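Student: Pulled these features from TrEMBL for this protein:
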- B:28-45: transmembrane segment (TRANSMEM)
- B:80-104: transmembrane segment (TRANSMEM)
- B:110-130: transmembrane segment (TRANSMEM)
- B:137-157: transmembrane segment (TRANSMEM)
- B:169-194: transmembrane segment (TRANSMEM)
- B:206-233: transmembrane segment (TRANSMEM)
Amino acid sequence: MGEAYIGAGIAIGLAALGTGLGVGILAAKAMDGIARQPEAQNSIRTSMIIAITFIEAIALYALVIGLILATK
Amino acid sequence: MNIFSHISERIVVPLKIAGIDLSITNEILVMWIAIFCIILFFYFGSKKVSIVPNRFQNLVEMYVLTLWENIEPIVLNRAWLPFFCGLFSLILFCNLLGGIPGIVPPTVNINFTATLAVCIFLITQIVGIKQNGIRKYFLSFVPSNVPFGILIFIIPMEVLSQFIRPFSLSIRLFANIFAGHAVTLTIISLIFIFKSYWVIPGSLIGHLLISVFEIFVAFIQAFIFTFLSAFYIGSSLNLEKH
């Protein structure tokens, strides 16, 4: 039973690592784009938020897996 | 005692028809309330339609037009507007009702989101076959100008991706709303973990901030679900343009 908790922790930890990297790179590029072209700020922000939700979803898949492991 | 008891379903009216469990749970009641709210919203929004809109009509027009502006380039057909507007409204109102303490939104239950996603999957296939003919639709899984060796990997991938879509669609919506409620519970339960009155202000401020974020997430997730369904349906409707 203890292994399941360790597995859940590792799953959510690795997912958070990947998601953090992904969102970090995405936000950096978006800010780059806004700095180059401040008049495109609104459209860049909208597409950034949409892309962030896609990346976030991957961490949430790991959350679901972790919950399945931890509440078995 | 389950730690997720505040977002789990409870049977309100037990009902069993021909061996199938059709009990009315609290989530179904919330869904009906959401549908009632949608009907009221659009009824009063379009009650006295005038060229110079009053405030409420303006809100409804903005709501529909903003949604349609994003979906039109994908679907290309005005006849799909009511469907996508209804889908968006249902998910949005269900999500927003979850912000009221004590109300369990249907979207924290994977059965609700999976049902929607499977419906989207079936609509995608049926509409694609109806619009393009069965032969042309299935030939669209085979990309042109690709050597045979790669083709035997690509075709299974294309077919598989059709079946993975409902999973990702349903789990994305479910997990986002579920995670929001789990975080809310965690922040409130910090008071009981530390057993101190001094944690209460921090906990309440954290709860307020998370709630505001949850309203944002409710809008974004409803939009993402609708947008992706429109993308799937649109890509099987208009094979040449994608």
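Cβ coordinates come from backbone N, Cα and C, glycine included.
TrEMBL: automatically predicted annotations, no manual curation.
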Student: For the transmembrane segment (B:80-104), which partner among B:28-45, B:137-157, B:169-194 gives the most CB pairs under 8 Å?
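Tutor: Against the transmembrane segment (B:80-104), the leading stretch is B:28-45.
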Student: So which of B:28-45, B:137-157, B:169-194 is most in touch with the transmembrane segment (B:206-233), counting Cβ pairs under 8 Å?
Tutor: B:169-194
